[in-house]
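Participant: Mind having a look at this structure? Questions to follow.
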Amino acid sequence: MRIGQYQLRNRLIAAPMAGITDRPFRTLCYEMGAGLTVSEMMSSNPQVWESDKSRLRMVHVDEPGIRTVQIAGSDPVEMADAARINVESGAQIIDINMGCPAKKVNRKLAGSALLQYPDLVKSILIGVVNAVDVPVTLKIRTGWAPEHRNCVEIAQLAEDCGIQALTIHGRTRACLFNGEAEYDSIRAVKQKVSIPIIANGDITNPHKARAVLDYTGADALMIGRAAQGRPWIFREIQHYLDTGELLPPLPLAEVKRLLCTHVRELHDFYGQAKGYRIARKHVSWYLQEHAPDDQFRRTFNAIEDASEQLEALEAYFENFA
């Protein structure tokens, strides 16, 4: 699949997730088979750009693959400025967030709240597309409520404004992450526009990936929550799409290697004083299958030292040897 001048190595994309898809996680997903990874959402509000969190999110160099940065906001001028600044910092694709259902984001008329205002959507899209010389993509939901699914209208508008690819999550804003994603709306959009369509929502295993591609006709898949603690899902899905066969479960030794590498990278990226806090949620996701009683996770979450975290993980996996 192509996005503008860029040829993706496959049709699997790691979704942008706030507080999760930082550079260490994106790098790991790429190494585990993702064809593209998208950064955490960056606010277009320049007042927050000086925070430590924003400064780290604006570091786009020294990572593999096509550097794709997602921006969020509701002011067309601010969004255009944010796009320009991120391109100057190394972004090769700009993705616009109109899919986030979080109240904190929607209260500022950003994310999926924008779907109620097609005229504002148009102004933002035109502003960003005209501001940069790299491809601009868009992520949306199917609408703002089940009775107000307007993704076909937004998709056609996006194509007219010069958007190079469109990701659709198969729920409305009102649905949050409740219930099941639906793919009829994504299929309808695919039949109405010619830009690449990326299907998103509840793609949790290779069989589901194949089924969603076949049903919607989508050009690619975006995977988010299913990759938390399981970044090798991209490799599993790609192997199944290529061969029709399932890979065997990842050996425990490989899980250990990936987890410990990920934790070290988090310590290095955020600094040991903060990295150990960020690592806690990732370790919890990795070990959901292996530590169902939560005892180790509770013990691990009480550790307040980076090196002690790594020692605890070594001891934990030794018990399985």
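Glycine too: its Cβ is placed from the backbone N, Cα and C atoms.
Marked as active site, proton donor by Swiss-Prot on the basis of sequence analysis: Cys100. Annotation source Swiss-Prot lists FMN binding site at Pro16, Met17, Ala18, Gln70, Lys139, Asn200, Gly201, Asp202, Gly224, Arg225, citing sequence analysis.
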Participant: Within 10 Å of the Cβ of Lys139 (FMN binding site), how many other Cβ atoms can you find? Include all protein chains, please.
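Facilitator: Excluding its own Cβ, Lys139 (FMN binding site) sees 26 Cβ atoms within 10 Å.
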Participant: Taking every protein chain in this structure into account, which of the recorded positions Ala18, Cys100 has the most other Cβ atoms within 10 Å of its Cβ?
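Facilitator: Neighbour-count leader: Cys100.
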Participant: Within a 10 Å radius of its Cβ, which of these binding-site residues (Pro16, Gly201, Gly224) has the fewest neighbouring Cβ atoms?
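Facilitator: If we count Cβ atoms within 10 Å for the binding-site residues Pro16, Gly201, Gly224, the smallest count is at Gly224.
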Participant: Could you state the CA-to-CA distance between Gly224 (FMN binding site) and Cys100 (active site, proton donor) to the nearest Å?
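Facilitator: Their Cα atoms are separated by 13 Å.
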Participant: With DSSP assignments reduced to helix, strand and coil, which class does Lys139 (FMN binding site) get?
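Facilitator: Note: Lys139 (FMN binding site) is in a strand by DSSP.
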Participant: Considering all pairs of residues in Pro16, Met17, Ala18, Gln70, Lys139, Asn200, Gly201, Asp202, Gly224, Arg225, annotated in the record as contacting FMN, what is the maximal C-alpha distance expressed in whole angstrom?
Facilitator: 21
Participant: To the nearest whole angstrom, what is the C-alpha distance linking Gly201 (FMN binding site) and Cys100 (active site, proton donor)?
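Facilitator: One finds 13 Å between the Cα atoms of these residues.
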Participant: How far is it from Ala18 (FMN binding site) to Cys100 (active site, proton donor), counting Cα to Cα, in Å?
Facilitator: 10
